[in-house]
């Protein structure tokens with residue numbers, strides 16, 4: 001996936017439309033397959049529609065497993081800004097997926113709803129586990145539980161690198 005750092009936003013990452021790989025292309029490929037299926041050009045309609053439905057979930061799961069901290073956000077959301085600032089202030093690297101900048105952001109938000117039970121943003125994952133929104137994340141931080149979760153992930157990733 002191709003991501004570009006936003007200069008004024010610290011470690012905030014946004015989708016770069018100049019890249020040819022990533023969620024937009026994969027989701028567009030699934031949407032194209034579904035359109036072909038609907039027009040009769042595809043012989044296996046049900047599998048094409050399944051691909052369309054599972055593409056966002058697969059991309060979300062891949063992003064979550066590849067990064068210790070992932071924040072699914074919207075650029076205009078004050079709670080999202082608050083959550084990103086918390087991780088920035090803790091000097092923790094994180095990946096942000098700005099749903100409102102993605103062409104298929106609504107499908108990703110629908111997939112996040114199915115995974116977490118909420119449509120609101122931010123949706124925050126640490127060490128592969130959904131921890132909640134901004135309020136939940138701040139509570140974990142105040143209780144002293146957030147940083148240990150992050151460190152646990154970094155330790156796990158460094159051990160994997162040792163054995164590769």
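Just so it is clear, glycine is given a Cβ too, placed from its N, Cα and C backbone atoms.
In Swiss-Prot this protein carries:
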type     : residues     : note
TRANSIT  : 1-19         : transit peptide
MOD_RES  : 20           : phosphoserine
DOMAIN   : 57-157       : domain 'Glutaredoxin'
BINDING  : 68, 153      : [2Fe-2S] cluster binding site
BINDING  : 74, 109, 121 : glutathione binding site
DISULFID : 77-80        : disulfide bond
MOD_RES  : 77           : S-glutathionyl cysteine
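Features recorded in Swiss-Prot, as mapped to the structure shown.
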residue : record                        : DSSP (3 states)
68      : [2Fe-2S] cluster binding site : coil
74      : glutathione binding site      : coil
80      : disulfide bond                : helix
109     : glutathione binding site      : helix
121     : glutathione binding site      : coil
153     : [2Fe-2S] cluster binding site : helix
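Same-chain neighbours of the glutathione site beyond 74, 109, 121, judged by a C-beta within 8 angstroms of the site's C-beta center, are, in sequence order, 72, 73, 77, 80, 99, 100, 105, 112, 119, 120, 122, 123. Ranked by CA distance from residue 74 (glutathione binding site), the recorded positions 68, 80, 153 have 80 at the top as the closest.
Geometry remark: residue 109 (glutathione binding site) versus residue 68 ([2Fe-2S] cluster binding site), CA distance 20 Å. Counting Cβ atoms from all protein chains shown, residue 68 ([2Fe-2S] cluster binding site) has 22 others lying within 10 Å of its own Cβ. Taking the C-alpha atom of residue 80 (disulfide bond) as reference, the shortest distance to any of the binding-site residues 68, 121, 153 belongs to 121. Listed in sequence order, the recorded positions from 68, 77, 153 having a Cα within 10 Å of the Cα of residue 121 (glutathione binding site) are 77.
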